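The structure under discussion is supplied below as structure tokens; questions concerning it will follow.
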Amino acid sequence: MHCALYTAGTCRSCQWLEKPYPQQLTDKQHHLQSLLSDRDVAQWLEPIAGEQSAFRNKAKMVVSGSVERPLLGMLHRDGTAVDLSACPLYPASFSPMFDVLKSFIARAGLTPYNVARKRGELKYLLLTESTHSGGVMLRFVLRSDNKLAQLRAALPWLQQQLPQLRVISANIQPVHMAIMEGEREIPLTEQQALEEQFNQVPLYIRPQSFFQTNPQVAAELYATARDWVRALAIDSMWDLFCGVGGFGLHCALPETRLTGIEISAEAIACARQSAKTLGLQHVDFQALDSTRFATAEGSVPQLVLVNPPRRGIGKALCDYLNQMAPGYILYSSCNAESMAKDIEMLPDYRIERVQLFDMFPHTAHYEVLTLLVRN
């Protein structure tokens, strides 16, 4: 992948860009194998890869510059702004949207937030596109609601220019810190969820719910989890840290008793909407802390699926999984190092199968799916 920003030295986010892509996959696989070298792995599967450019469905843009000439991109530590509108990780559909949004910022008088001076209102633009419908979700991250009336008044022009905008909201983030969003979300459109679809499974994205940024590889990840789980012929499962329900909804058959747990109420609303669309009758999605739910629950499912944040599932949940002893644990991880530490705390389980998913080309990061079977 050629990137003018990388060549110019203005953006080095893709730290492995100069490394040939086959070598990237080899290095990631070797890293994963080294982390699990102390455990026997019955089956190592080949890494799954997708497109090397234009694969992202989401842009997180710092807004800087002036209201007349805004920049969308990132800030270096010294405060230097870099416009990332031409980043080759974004699909071709993003560039014209960025152009319109720059005009809109000026038209609506949304002064970019100046970090050094602690002045201005518009901090970030967050853009997500559905590969299923082409619809787009747009979030304005503001320091306060001072410019909210101006934003609302100018929106009809923006919606006329970009009819693909289905979900628009404003997020209020008042803190002078590099935090992407605050707790308060203000819907600006009647529609509040963007529909996506992977492998004929409808999924919904709300403003404050997490969703994978590489749809092509994410669809492969979910499909692989589905195939592994259905081969086990189970009839009950937990999906912990379930997000919008992607894993559980892929794996569940109509008769499967599925419990999905996620701390985010927004994500749970999405999961419930998907389950309703699919007509699944034996599904229960709840907005709870996954560890607290598991350790307080009396029943034992046949399979527990975990998809934790980068920190992993931790000692408390590992200890409880050892105690409750489900037949299978399916572990999906965005941080193989924390996953390896967790697996060390699951001595009663053997590693049946491992597969790497290259969700983040040109970086050292990747996702991994591991099937653990009770001894």
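Keep in mind that glycine also has a Cβ here, set from the backbone N, Cα and C atoms.
Pulled from Swiss-Prot, these are the listed features:
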type: BINDING; residues: CYS3, CYS11, CYS14, CYS87; note: [4Fe-4S] cluster binding site
type: BINDING; residues: GLN212, PHE241, GLU262, ASN307; note: S-adenosyl-L-methionine binding site
type: ACT_SITE; residues: CYS334; note: active site, nucleophile
Please find which two of GLN212, PHE241, GLU262, ASN307 have the most distant C-alpha atoms, given that the record lists them as binding S-adenosyl-L-methionine, and give only that distance in angstrom, rounded to a whole number.
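Result: 15 Å between the two most distant Cα atoms.
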Quick one: which residues besides GLN212, PHE241, GLU262, ASN307 have a Cβ within 8 Å of the S-adenosyl-L-methionine site's Cβ centroid, in sequence order?
PHE210, CYS242, GLY243, VAL244, GLY246, PHE247, ALA267, PRO308, SER332
What binding-site residues in the list CYS3, CYS87, ASN307 lie within 10 angstroms of CYS334 (active site, nucleophile), counting C-alpha atoms?
ASN307
Just counting, how many other CB atoms are there within 10 A of the CB of CYS334 (active site, nucleophile)?
19
